[in-house]
Every structure is written in structure tokens, then in C-alpha cells.
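Student: I am attaching a structure below and will ask some questions about it afterwards.
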Amino acid sequence: MENRNVILAIVLSLGILLGYDYFFVQPKRAIEAQRQAANTAQQTTPPSSPSSSSPAAIPRPGDAHLPGAQPEAPGTQTSASLAEVLSKSPRITISSPRLHGSIALRGARLDDLTLADYHQGLSPKTPEIMLLSPRGRKGAYFAEFGWTGNGVKVPTSDTLWTADRTTLTPQTPVTLTWNNGQGLTFSRTIALDENYMFTISQKVQNTSNAPVTLNSYGLISRWGTPKTTGYFILHEGPLGVFDGTLKEVKYKDLKKDPKMEQTTTGGWIGFTDKYWLAALVPDQKEKVDTRFVHRLDGGIDKYQTDYLGAPMTVAPGASISTQDRIFAGAKEVKLLDAYKEKLGIARFDLAIDFGWFYFLTKPIFYTLIWFNEHLGNFGLAILSLTVLIKLALFPLANKSYRAMSKMKKLQPEMKKLQERFKEDKSRLNQEMMALYKREKANPAAGCLPMVVQIPVFFALYKVLFVTIEMRHAPFYGWIHDLSAPDPTSVFNLFGLIPWSPPAFLLIGAWPLIMGITMWLQQRLNPQPADPIQAKMFMFLPVVFTFMLAHFPAGLVIYWSWNNSLSILQQWVIMRRAGVKP
């Protein structure tokens, strides 16, 4: 009991180390063996033969003969330039402050989209982020909307639509039309807001003498398994909200179970990356059938998320219409929250993987945003957040540090007891307990601030790791990205020596500052009487320095500043208690 912090500190340290290794360190990606021709044939979805007599046989988007899902010959994905691929179809230009790209008139496919506000690297001279890419390019990624039905000539991926204008802007929607030559006229109006939401309004006019039954659909298709960060704590892949419940599917799991189906009213379905999202948003009041699908086609893994609306019958001389949406852009927290509230999109904010500490992570994020808006720098916002947390925990920390001061005052008496009863451990424990009771000392009180800080630590890590707002957010000096590790290393004298150390030796300046402040704070605490335990405690700052060197710099800055404030607070309290720090 006299070494009240030893067991808890070791357990917490091991827990963080193991948790870091299991949850945070990027796992090694296994290199998949090349698939044989037999596996390719087995996993490729064969064309279906729908029966006009059964509603269940209505072709689904993703069946082999439907738009966007035809089997491709090997080598379809080429290294052709983007301009060459885009030139194969007439196009409508997309022009907005935040997006640019084009829509193919052949197939009316949204397959060329670039985010104007985001670049691949820190420099604005690096290429912008291209989110959607056309067929014919490696890593094709595109979206389609349309109609399907039995015995009805509907638009396909080869259909050439007519447009009423050449450019889509937030102020000027574009309307596409196509006549099937059998009395049905299909029209599609595409509108774009100031951010990343497209609204797709479809209409079918029936001028024939017979009623026609159709189902509307939307799909997003992604060719090739995309590279992910590989972190266990972050989901990247197919996901959706169904009847208010979030469902996340890993790419590898979809390969094992290549068709996952679910019926829902409201919600959304799509693909998420760390910072980017493409999501179909059907009418929130309509019931739809949704799917996650995988197919191996021509040696290419093809993933698809889609939905199929309920049958709609259009009588002669009448028309039917639908209005759906697709989000394609950056997962900005405020923007997703706004869409959730204004458009009534169920749980749209869950597209950002805030994790188990959602109730804590989101308030921390909005607090950082508020400080950043007033201070103009996310690094200063982190320092201010740390002060705010210290103020909130001040009563607890104050009580804890007073208890630690009392324990430090008792150390001379504790050493006398240890010397007196060093051969009788049982008697020593009894005398120690009597001393604590007599002096009203609590040996475990000093652990409380550390325990309370753990959820805050992981919540802040989540904010720095998953939010686009923290991506490439600079501090001062050498920190140009608070969401990335400190790029310097003490082993090359912070860049003075022209040598790039291996990853495990990248101990930057801020992790070093953190380790020093942790050691200084440890010196203020009552020291364990056992020399072995004392050495273990001395070693902990070194362990944490190496471990946190690979965490986001913003998190290390938080910990360093928190340690510094704790040292100041503890020093003042100990001086007032008459204890020599």
C-alpha cells in the first residue's frame, strides 16, 4: 500500500502500450496471392434472366446486364490519361467553388469529381483530391441513378442523354432527357448546392396506351480494393445507416460474403475513406432495398452499394417522379451535422468514426473549433482546451495533490517503519495502514487525475485522427500538420545531420519535451521505497517518449502542456502544505 501508485501505474502503462500496439499502430497489410482463373470464374456474377411474372425477379442494379455492372474484359482498367478516358463521352462540366469535374452524357454517370479545397500534400501546389473517377481508369469510382423494370426499355450505361445546358453550377441545375421510342420520356434534373450534395430529381412521362411499372435505383461502384490506413480504430469501406442503426462492412468481409441485403426506411448507404465520403441518400420517407455487393470481374475486385425503390406504376398519360441525393466530398463535421438537421438525413453524422467516446469526442471537437475561430490556430486551440480541462478537473486535482503532499510528508515515518519491520511484511502492512488511518492519508488519491485523463486523451486522439478539419492544420515552427507525428528526430540533431533515421528512432522535439515534463512531474510525486519500483518509474518517461513519438503532434503537445500545468499546480500546493518539492 505504501507504493500506492505502482500497481495502477504499471497496469495503465501496459494497457496503453498494448492498446497502442493493437488499436493504433498500422497493422501489416497481407499481400494477397494472385487469384487463379477458376476463382475468377467462380466469383464473377453471371447474367440473370428475370421473369416478368414475378416481382422478385425485377433486375437489381448490379445485375450483369444493368448500367454500371457489365462484365469487363481483362485489362479494361488501363493507364490511359484522364483526358483520354473523359473524351470518350460528351460531358457536362461541373463548376462550383468547392467541386469541379464533369458528368458523362453517355450513361448520365457522375464519374469525374475533384475537391477544390483539398490537396494530396501540405503544399497547395500538390494535386487536388480526386474523389470520383471514370471507368477505364485504374480505381474507377462512380455513381449512377436510373430505372429498372421488366419488359421495359430503360436507360442503360450506353444511353446518350440530351442536356439543356453545358455547365452545372449551384445556381444552374442541368436537366437530361431521353425518349425510349416506346412512349416513355425519361428526364433527370441534377442540382448541386454550395458544398457536396447533389439532388437527383427523376421523372418518367408515359405517352403510350399501356401502364408501365418501374423501380428507381441508385448505385455507387468502386473498382479495385482501395488502400486504407489500416487502423483498427477507423472504419474505411462500405457503410450505411438502416432504420437508424449504423452498419459498417470491411472490404475483406464483403469478399467472403459477396451480397449483404437490408430493407430500410430512411438512412443512407455508400463508401467512406478516412476523410472522404460518397453516399447515396434515398428519399427518407420511402422504403428501399439496399445492398452491399462484391464481384470479381476480369481480375478486378468490384464493390457496389445500391438501393432499389418500391415499384411505381405510371398510367397512360401520367407521370411518376422521385427525388434522391448523393453526397460526394469531404467529411466536414459541421457540414454533415447541417445536412442531418436541414435535410433530415438519419444519423448522417455517423459517417465520421468518432468511436466509443462519441459523447466526449464531439464536444471536444466543437470546443477546438470555437477556440480556433477566436485564436486562428488549432495548436493554440489545443493549449486553450488543455487549460479548460485543467480548470474543470481542478477540484479533483487539488484534492489529489494535497493527498500526495501529505503522503510525501509521511515518507520519513514510512521509511522508519520499513526499516523496523523489514523482516515482517505482514506487520509492516498493518503498521502502514495504521499510519494512513491516523494521519488520514489516502495512498490511492494521487491516481485519480491520471485515470480521469485517459478518456480525454483517447477522445482528443480521435479528433486529431479522423476529422478533416485537423488535416494539415499547422502550429508554429516545425509543426506543419498537427494530425501527423512530429517530423523531427533527436538522432539526427533535428535535421542538422544529413541522415534519415529509421521509423523507431523518429523521436521529435515535442515527444522529447513531453518525456522531460513527465519526468519532472514524477520527481514531485512521493517516491517508492523499493529501489526496483523506483527504477521502473524512472523508465516510464522513456517508454512514453518512444511510444508517443508516433502519435499526432497535437496530442503530444496536449500532453506536454498538461504535464507543465500539473507541475506548476502541484508545486504550488506542495509549497503551501509545507512540503519541499
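Here, residue 1 is simply the first one shown, and the rest follow in order.
Glycine too: its Cβ is placed from the backbone N, Cα and C atoms.
Sharing the feature lines straight out of TrEMBL:
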COMPBIAS  35-55  compositional bias 'Low complexity'
DOMAIN    91-366  domain 'Membrane insertase YidC N-terminal'
DOMAIN    378-575  domain 'Membrane insertase YidC/Oxa/ALB C-terminal'
REGION    35-82  region 'Disordered'
TRANSMEM  6-25  transmembrane segment
TRANSMEM  350-371  transmembrane segment
TRANSMEM  377-397  transmembrane segment
TRANSMEM  441-461  transmembrane segment
TRANSMEM  496-516  transmembrane segment
TRANSMEM  537-561  transmembrane segment
Student: Would you call the transmembrane segment (377-397) and the transmembrane segment (496-516) in contact, using three or more Cβ pairs under 8 Å, pairs 6 or more apart in sequence?
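Tutor: Taking Cβ pairs at least 6 residues apart, the transmembrane segment (496-516) and the transmembrane segment (377-397) are not in contact, as fewer than 3 fall under 8 Å.
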Student: Cβ under 8 Å, sequence separation of at least 6 from the ends of the transmembrane segment (496-516): give me the contacting residues as numbers and ranges.
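Tutor: For the transmembrane segment (496-516), the far contacts come to 478-479, 485-490, 541-542, 544-546, 548-550, 553, 556-557, 559-560, 563.
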Student: Taking all residues of the domain 'Membrane insertase YidC N-terminal' (91-366) together, what is their mean pLDDT?
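Tutor: Residues in the domain 'Membrane insertase YidC N-terminal' (91-366) carry a mean pLDDT of 95 in this prediction.
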